[in-house]
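*Asks:* Swiss-Prot lists these features:
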ACT_SITE  Cys95  active site, acyl-thioester intermediate
ACT_SITE  His347  active site, proton acceptor
ACT_SITE  Cys377  active site, proton acceptor
Amino acid sequence: MSLNPRDIVVVDAVRTAMAKAKHGAFRNVRAENLSAAVMQALFDRNANLVPAEVDDVIWGCVNQTLEQSMNIARNAAIMTGIPRTVPAQTVNRLCGSSMSALHIATANIKAGMGDFYIIGGVEHMEHVPMTHGVDVNPAASKYAAKAAMMMGLTAELLGKMHGVGREEQDAFGVRSHQRAQAANENGYFDNEIVGVEGHDADGFLRLIDRDEVIRQDANLEDMGKLKPVFDPKGGTVTAGTSSALSVGASALAVMSYERAQALGLEPLARVVSTGVAGCDASIMGYGPVPATQKALKSAGLAIDDIQTVELNEAFAAQSIPVLKDLGLRERMDDAVNLHGGAIALGHPLGCSGARICTTLLNVMRQQDTTLGLATMCIGMGQGVATVFERLK
C-alpha cells in the first residue's frame, strides 16, 4: 500500500509479563527498572533505531508517588542507552495514560514537532497501591456521586442499566482466563513479552517471561461460587470478573513513515485515527463507546470495517455493555480479545493503554488482519481509542 511521508507508524511494541500485585514476581523490581527494560528492548530488537534521535520519551503512569514520582519517564530513561540529551515526560489520564502518550506523540509528529518518540507506561500496584496518597476534594461530591470514584460500583451500575446478569459476567470472565492461558501455552505472547529478572514464589531469581495473573484452571463452576466484592447484598461483580491488580510496563517505538524509510525499518502498523471522550463518572466504563465512535468517524470507517479489537476488560459488567452498543458482542469469538484481556492478565493502570496496543498489533499479525481497534475506559468518566492499520 502507499503511505504518506508524514503518516505515523509503529515500528515495534513490547511489554513485560504481567505480574501479581501481591507477592508477585516483580516484588523486588522497581517501576523504573521495568520501564527501562521495555524502553531498552526496543533498541535491542531494532539495531537501526538510534537512541540519540529520539525526540521525546512520553510515559504514562497513574499514581505518581513513591518510586513512581518525580517524572518516572526521565528516571527510567536515564537507566537505558538513551542519552541525557533526550527529554522525557510523564503523563496521566488514569487508565488511559499510556494510550494518551501515543496520542500525544501522534499529534506531535503530525504537527512537525519531531519524528521519533518512545511511548509507553508502567504501574507497580504492589509497591504503590492504587489508593496510596489519594485525597479527593470533599466538595467534588456536590458535582459527582462519591461512589463514582469506586470503580466496582460504577461497573455494578452500568451492568444493571444494561441488564447484564451474573451468569453472563461469569462466562465472560472464564473466557478471558481460558483464552489467555491458551495464548500462554501456545507461545502467542512470546513476540511481545520482554523477559525481566524477578523472583519466583520460592524466592529464586528467574527470568519472568510469562504472565502470572492468569487463573489456569478457570471454570464456570468455581467462578459461580465467588461472592460479590463491591455490593455484597445485591451485586453481581466478583473478583473473578474484575481486572486483577497487577504490575507491568509496555512500550512502543513511534515515528513518521519517512523516518522509518530512512532507517530501513518495516513498520508494524500505521496509526489511522485516535479518539478520546467523556461520559458520566457514575458509568465511567461506558467511555470506550463515544471514544471509539470519534476515532471511527475521524477515519471514515464503520465498526464493521474493524477486524480485530482489544478492549481493556476493567470488568465484565462494564465490557459487555460496551461491546453490545458498539455492535461487537456477536463478533467476540473471531474479533475481540482473542488472547484474553485484563480480567486474566491484570490492569496495571499506567501500562494498560500501551499493553493493549501491543497485544492488538501482535494478534493482527497472527490473524493476518488489516484494521484493528484498541480502546479502554477511564476512571471518573472518560474513554480512549486508537485505530491501527497493519502494514506487515
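Note that the numbers count up from 1, one per residue, in the order the chain is shown.
Glycine is no exception: its Cβ is also placed from the backbone N, Cα and C atoms.
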*Asks:* For Cys95 (active site, acyl-thioester intermediate), which residues of its chain lie six or more apart in sequence with Cβ-Cβ distance below 8 Å?
*Replies:* Val62, Asn312, Ala314, His347, Leu349, Ser352, Gly353, Met376, Cys377, Ile378, Gly379
*Asks:* So how many other Cβ atoms are close to His347 (active site, proton acceptor), meaning within 10 Å of its Cβ?
*Replies:* 30
*Asks:* Quick one: give me the count of other CB atoms within 10 A of the CB of Cys377 (active site, proton acceptor).
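*Replies:* A count of 32.
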*Asks:* For the residue listed as 'active site, acyl-thioester intermediate', just give me the three-state DSSP call.
*Replies:* strand
